[in-house]
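K.L.:
Pasting a structure below so you can have a look.
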Amino acid sequence: MKKYAIIVAGGTGKRMGESLPKQFLKLGGTPILIHTLQAFYTADPEIEIILTLPQEEIQFWDELNIWHQNYIEHQVVAGGETRFHSVKNALQFVESGLVAVHDGVRPFVSAATIKQSYEQAKEKKAVVTAVLMKDSVRQIDEKGGSKNIDRSSLRMIQTPQTFDAKLLKAAYNTEFKSFFTDDASVVESYGHSVTLIEGQYQNIKITTPEDLLIAEALLEAK
Ligand SMILES: Nc1ccn([C@@H]2O[C@H](COP(=O)(O)OP(=O)(O)OP(=O)(O)O)[C@@H](O)[C@H]2O)c(=O)n1
Ligand SMILES: C[C@](O)(CO)[C@H](O)COP(=O)(O)O
């Protein structure tokens, strides 16, 4: 069965606060995005990789890749206004089989998690990685108050999120809605349930400056 991976890196990284989008920032001397592509190649070199980038960064990426050994084959697609639009653009180049969608800024995804995602998606069709909450959580109300939520009923959602390709394409054939923060929310809104599988705490999303410090430590410990 054909396997695709859509690596989304079409964002500008506002919360990181750097002029260079965070996916290009260096981690152990190598751009974050190159670590992420390597993770998928290591898991299975047969995976067809489609990478979304901001239109204005495509030339920069091409130049940056020239300097890196072990170039990993991939197709570049211009991203869109939101993550949803970036995935939708990339899906034009996906036919049938399985497709994993993964954040370009989650470089520590393990080969085992990637393999497990595709394996489970063969049967379940919509498979999403998740971890248990570590902190207590509270829901804020309009009056400025808050109430405790039972954290055992909550999960923190990660990527990869892996699907039957035809299902994901059909689900994305819709207009953007503000609650589409990931692919699971799009598929669920289409009417298909998602199966959660175990993610990994080390599979962090590099979002704010302290995440980069944590990422350097995780890389060191690898
Ligand atoms: N229009 C967009 C927005 C986001 N992404 C990608 O989706 C992943 C998760 O998004 P996030 O961490 O929010 O990245 P940014 O949108 O770049 O960050 P910010 O919200 O801080 O601007 C990132 O790899 C990001 O590049 C994308 O492909 N296209
Ligand atoms: C897809 C995701 O990484 C799952 O946790 C997350 O929803 C992305 O959210 P963001 O708003 O793009 O940071």
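Going from the start of the chain as shown, residues are counted 1 onward.
Glycine is treated like the rest: Cβ placed from N, Cα and C.
Please treat TrEMBL annotations as automatic predictions, because they have not gone through curation.
Since the structure is predicted, the reported quantities are computational estimates derived from the model, not experimental observations.
Quick paste of what TrEMBL says about this protein:
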- Arg15: site 'Transition state stabilizer' (SITE)
- Lys22: site 'Transition state stabilizer' (SITE)
- Arg151: site 'Positions MEP for the nucleophilic attack' (SITE)
- Lys205: site 'Positions MEP for the nucleophilic attack' (SITE)
K.L.:
How many Å lie between the Cα of Arg151 (site 'Positions MEP for the nucleophilic attack') and the Cα of Arg15 (site 'Transition state stabilizer')?
P.N.:
26
K.L.:
If you count Cβ atoms within 10 Å of the Cβ of Arg151 (site 'Positions MEP for the nucleophilic attack'), leaving out that atom itself, what do you get?
P.N.:
14
K.L.:
Given the recorded sites Arg15, Lys22, which one has the fewest other C-beta atoms within 10 angstroms of its C-beta?
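P.N.:
Among the recorded sites Arg15, Lys22, the sparsest Cβ neighbourhood within 10 Å belongs to Arg15.
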K.L.:
My understanding is the cutoff is Cβ-Cβ under 8 Å with a sequence separation of 6 or more in the same chain; which residues meet that for Lys205 (site 'Positions MEP for the nucleophilic attack')?
P.N.:
Asp103, Val105, Arg106, Gln158, Asp211
K.L.:
What's the CA-CA gap between Lys22 (site 'Transition state stabilizer') and Arg15 (site 'Transition state stabilizer') in angstrom, rounded?
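P.N.:
That separation, Cα to Cα, works out to 9 Å.
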